[in-house]
Amino acid sequence: MKVNLYLFFRALTGLSLIGLVYLGITFHWIKLLYKPPNVLDSEGNFLPMAPWSAPIVREGSFDPKLIDEIYKKKNITIATTVFALGKYTQFLKDFLESAEQNYFVGFRVHYYVFTDLPEQVPTVKLGGDHHLTVLKVATSNRWQEISLRRMERMEKLIENRLLNEADYVFSLDVDSKFYGRWGVESLGSLVGAIHPWYYKTHNEWFPYERRPESQAYIPYSEGDYYYGGAVIGGLVKDVYQLAKTCREQLDIDAANSIEAAWQEESHLNKYFLYNKPSKLLSPEYLWDDRKSKTPEIKIIRFSQVYKNYHEIRPNP
Ligand SMILES: CC(=O)N[C@H]1[C@@H](OP(=O)(O)OP(=O)(O)OC[C@H]2O[C@@H](n3ccc(=O)[nH]c3=O)[C@H](O)[C@@H]2O)O[C@H](CO)[C@H](O)[C@@H]1O
Ligand SMILES: [Mn+2]
């Protein structure tokens, strides 16, 4: 009898422990450090701000004429890096032509086109005070490598040139097209764009890097927004810090033979988690042609164009 009671209590303790672990796993949101922010309000419109008082730029949050007047007096230069390696040179024409219709029209823009195929860079007529420099880089046979090496190349370009040549810098994906105004309203010291596929997703389900072995690791208990790797911007010195830090973290991962789930985008999200952007761009500034327009999107300004991954990437 005594033995049975003992066994009974042992079993009870064991089961309770299993139960607690199960509850712990199921409800790990209990451990959240803070309530994850929403992107939309109860009526389904974009909220005006992130909970650290950073504006979320969207249609209606600025007066284009007024804001242009303010910035005209500042005589600024906006550097823009764009990478087109291998078959991605085919995107340059639409990217540049649509940029010339919509991107910082009336302001000084300097595009830096990184490519392994300079002869394939199309000649596009640039508007007044828009300039373009082609920079030749080595070919790579892995798309992941091409994408993540953008951090290092941006870091070096800033070190060597941009500190003297520009005030702000944006890094943009080339497989994209401008459909609407993208202007000075997007400027800030550190700027990130909310990813079009994840702004209605709870932060537990964000595709952050979840393996603690990677420098891009973000635990399930943290995270506020999911930012797209296709748009990074800000003051030259702030973007320099970002690019340098991400490049260092990517190097550590490479030395440990680990590649984050979404390469530099994962490292960018880690950086933005602990160095919050001072301005967020709503998904108007980073849409996807494959995604139908939703009611909260009043205008699509910049969008990823459709591409057949198997045909254009050097490797699966
Ligand atoms: C919308 C968005 O946020 N997209 C991000 C996403 O997928 P994406 O599917 O948008 O990645 P992607 O194939 O467009 O590659 C990113 C960029 O790398 C360049 N490239 C890539 C392959 C190649 O053969 N040649 C070439 O030039 C090009 O500038 C391209 O725009 O995840 C990537 C992770 O690595 C990047 O963070 C992208 O920015
Ligand atoms: Mn892309």
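Heads up, the Cβ atoms here are built off N, Cα and C, so glycines get one too.
Unlike curated entries, TrEMBL annotations are predicted automatically.
Here is what TrEMBL records for this protein:
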- Glu265: active site, nucleophile (ACT_SITE)
- Tyr88, Asp173, Val174, Asp175: UDP-N-acetyl-alpha-D-galactosamine binding site (BINDING)
- Asp173, Asp175: Mn(2+) binding site (BINDING)
- 7-30: transmembrane segment (TRANSMEM)
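Where TrEMBL records a feature, it is marked here on the structure.
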residue : record                                          : Cβ within 10 Å
Tyr88   : UDP-N-acetyl-alpha-D-galactosamine binding site : 24
Asp173  : UDP-N-acetyl-alpha-D-galactosamine binding site : 20
Val174  : UDP-N-acetyl-alpha-D-galactosamine binding site : 22
Asp175  : UDP-N-acetyl-alpha-D-galactosamine binding site : 20
Glu265  : active site, nucleophile                        : 24
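Taking a Cβ cut-off of under 6 Å from any atom of ligand 2, the recorded positions Tyr88, Asp173, Val174, Asp175, Glu265 reduce to Asp173, Asp175. Surrounding the centroid of the Cβ atoms of Tyr88, Asp173, Val174, Asp175, where the record places UDP-N-acetyl-alpha-D-galactosamine, the chain contributes additional residues within 8 Å, namely Val82, Phe83, Ala84, Phe91, Phe95, Ser176. Look at Asp175 (UDP-N-acetyl-alpha-D-galactosamine binding site): DSSP puts it in coil.
Val174 (UDP-N-acetyl-alpha-D-galactosamine binding site) sits 15 Å from the residue listed as 'active site, nucleophile', taking the C-alpha atoms as the reference points. With Tyr88, Asp173, Val174, Asp175 listed as the residues that bind UDP-N-acetyl-alpha-D-galactosamine, the site has a largest C-alpha separation of 10 Å. Separating the Cα atoms of Tyr88 (UDP-N-acetyl-alpha-D-galactosamine binding site) and Glu265 (active site, nucleophile) is a whole-number distance of 19 Å. In this structure the alpha carbons, written CA, of Asp175 (UDP-N-acetyl-alpha-D-galactosamine binding site) and the residue listed as 'active site, nucleophile' are 16 Å apart.
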